[in-house]
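Summarising the annotation, Swiss-Prot assigns transmembrane segment to 12-32, 79-99, 111-131, 151-171, 183-203, 234-254, 262-282, 301-321.
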């Protein structure tokens, strides 16, 4: 067996391990969320299936797998099927350039940051396709909300990272992590971090920015007509998006795998888990604002913060160069 074939098989195996880990983390987060919400709300939560309810996730997956794969007769069948597939795969593909350790990662692209923004932006097509193809007024309204919110906050998501690019001079995520060996980016880029955090919550449609899926207003929004595994793909895709945003926060602002004593991957996993729990805490503690308030907050607060952050970072870098 040639060396090139061995290298190819190793890369494929590495990609499969990352894929299984990401999907597993996203699925397991749904169980952790239910347990934590129950703890904070002084109730039991899932505790019937397996010890401490640990098999509840497997029971939910089996239930979704055997539910009827129903497609409304008035729906656009092809687009209706395509939407959850895009929603599930977009965030997974974005993980290809996230470095987990100094030597472990699927791909090492010099334009890794641009790749993530481009691939993650494909998720908005899944929302539009789901709302349009369902031929349901609530689904369409939810998809229009989601597309407007996602497209707006993706602007702030990208601009909030430009300070890091100016500071490090690279779009490569591995270079950005290595540049944080002495000082994490969250200190000089605190404005960028705050904006990225808000934008990440909005792009993943998580509470309190879950207006596209507001049950009280839109009856679950753009996936109201979905059931079974198609709904499951949307469901798991949302949690994978949370894992992606959490890992990006760690990679870009909190030093990635850097940390004392423990192995690099353990540090990366612990930091990512902390922000995943933070996402759950937001759901448990904050009310849902109106949709116009969400959009106004983005354009009137997040956009000025990103521009000020870029100006300050550019001025500091220019002064240091001179």
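Glycine is no exception: its Cβ is also placed from the backbone N, Cα and C atoms.
Note that this is a predicted model, so its numbers are computed, not measured.
A Cβ distance under 8 Å defines the sequence-distant neighbours of the transmembrane segment (12-32), meaning residues of its chain 6+ beyond its ends; these are 46, 53-54, 56-57, 60-61, 92, 95-96, 100, 104, 106, 235-237, 239-240, 242-243, 276-277, 280. Outside the transmembrane segment (234-254), and at least 6 residues removed from its termini, the chain residues within Cβ reach (under 8 Å) are 22-23, 25-27, 29-30, 84, 87-88, 90-92, 94-95, 98-99, 116, 120, 123, 126, 130, 161, 164, 173, 176-177, 180, 184-186, 189, 192-193, 196-197, 200-201, 203-206, 223, 226, 268, 271-273, 275-276, 278-279. In summary, the transmembrane segment (151-171) does not lie against the transmembrane segment (262-282): fewer than three C-beta pairs, each 6 or more positions apart in sequence, are under 8 Å.
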